[in-house]
Amino acid sequence: MAQVLSLHVFFSAEIHKVGPSKPLKRIHKPRTSLSTRRKVCFSGPQSPLRETQKLNLQVSPHRAVSAVRLMRIEMGGAFADLLNDKGKGSGDNEMGYVERTLGFRTKDLDDRDLRLVTDIVGGTIRWRRYLDYLIGSLCHDEKAFRSMEPLLLQILRIGFYEIVKLDMPSYAVVDENVRLAKVSLRPGAGNMVNGILRKLVLLKESNSLPLPKLEGDDRTQARALATLYSHPVWMVRRWTKHLGQEKAIKLMMWNNDNPSFSLRANSGKGVTRADLVMQFNMLKVPHELSLHLDHFVRVKTGLQIVIQAGLLKQGLCAVQDESAGLIVSVVDPQPGDSIIDCCAAPGGKTLYMASQMHGQGMLYAIDINKGRLRIVKETAKLHQVDGVITTIPSDLRTFAESYQLKSDKVLLDAPCSGLGVLSKRADLRWNRRLEDLEELKKLQEELLDAASILVKPGGVLVYSTCSIDPEENEERVDAFLLRHPEFRIDPVDRYVPPDFVTKRGFYSSDPVEHSMDGAFAARLIRTL
């Protein structure tokens, strides 16, 4: 069981540390109940009606699974980026949700179906605002669109995404989605899907899809860009202000593209990058060597093959973005160091730092979440770096005031908005609000103050985020230095390539410029 759990951790390690999930995550409520004839039900015993509806071989399996999963995501019951984190067995799990929700099963998902589900779910979520604009335009009735049943809306979104963005054969898309609507809802729903999708096909073929015009004042243009590139308006306005319109558009295009992943060879277990490359060649997985980190390999496609081959389960490697690896470079862990990782879970940076210590020194992993910290501990054993790791379940703010622990190096990888990881976290853009930033900034300052207490005189404090927003990054460091004149900036040019060093000596990765997640780190030295 520990190995399965560790797989979950390392598939999501650098994706999910994006701020406290409960107080900040806004769950989208369904527009209405699924229907009076078929109630949404994600778990629990089946009704007698459903016991008679077991297997339907006519319904497309990947579309049924995608529709149900999209509803679960929108209602807060699932993440978009962890569709198949447990390998081959997850197809059964997904079909179980279909059966409990729709009352029937389709044929089993094969590997091609799983890849399609991943593409359709991620793409439909990324392009949701744009797809809804098209659907609303073709409905010609705002009230009808706003009151549309959740399942019907998801089926239309899938059909629109397949036709507009995936360029699938229109006849197959129309036929399959109509059948899904008829079987899972009622014949009238299928007729509605048929009419709207056929109208979409005609508009696409005549190159006359409705699009908002990019004109008017800044606010009006931001709304148009938000629709065209499918992001919240507040993000578009913020990025246009900080980056300019041209770069803001490039950033949104990056966020909407299929993400690439990096895998780190686990040197703690004696695995080299050459070993990992040999495994990828045997599996025929396309890959590129990282230009910046010796232990990292980039994979654009084929991650599912790596997972199913058991490389993560065996602890040979971990999914970790290069941007996160470069933060570890800023910390510069060395054998014999005493290091504190203040918000350690889910553990990606913790274990990478431990692997660089070669069994010498001590790394204290602190996190408020006992369950996730327990998984970090189990995974440390799998990666054979548990000898230097001590886990401490605690709120950092309470711990720093109550204990006398001081270390050479302290990493605060702070909860943040996650605005640098939107390409991997497709659903995050719709769950994050502008108001969250104010709450997060307050939390970041409290955690920074607490982390500073744990640094020895002459020691190092590294503050990092997976955000590209200056209010969470440079501005938080500046505010901290005003409160703590005993710290000074230590430029990171000795630890990361010059392309990642800002004018002020901070580390910053840019999705557009560096083709990796956006991240930030400041290295601060305690002088007193």
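Placed from the backbone N, Cα and C atoms, the Cβ positions cover glycine too.
Among the features that TrEMBL reports, domain 'SAM-dependent MTase RsmB/NOP-type' is placed at 251-527.
Look at TrEMBL and you will find Cys343, Ala344, Ala345, Pro346, Gly347, Gly348, Lys349, Asp367, Asp395, Asp413 tagged as S-adenosyl-L-methionine binding site. Counting every protein chain shown, 26 other Cβ atoms lie within 10 Å of the Cβ of Ala345 (S-adenosyl-L-methionine binding site).
According to TrEMBL, the feature active site, nucleophile maps to Cys466.
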Which listed residue (Cys343, Cys466) has most other Cβ within 10 Å, given these are recorded positions: Cys466
Let me check the 10 A CB neighbour count of Gly347 (S-adenosyl-L-methionine binding site). How many other CB atoms are there? 29
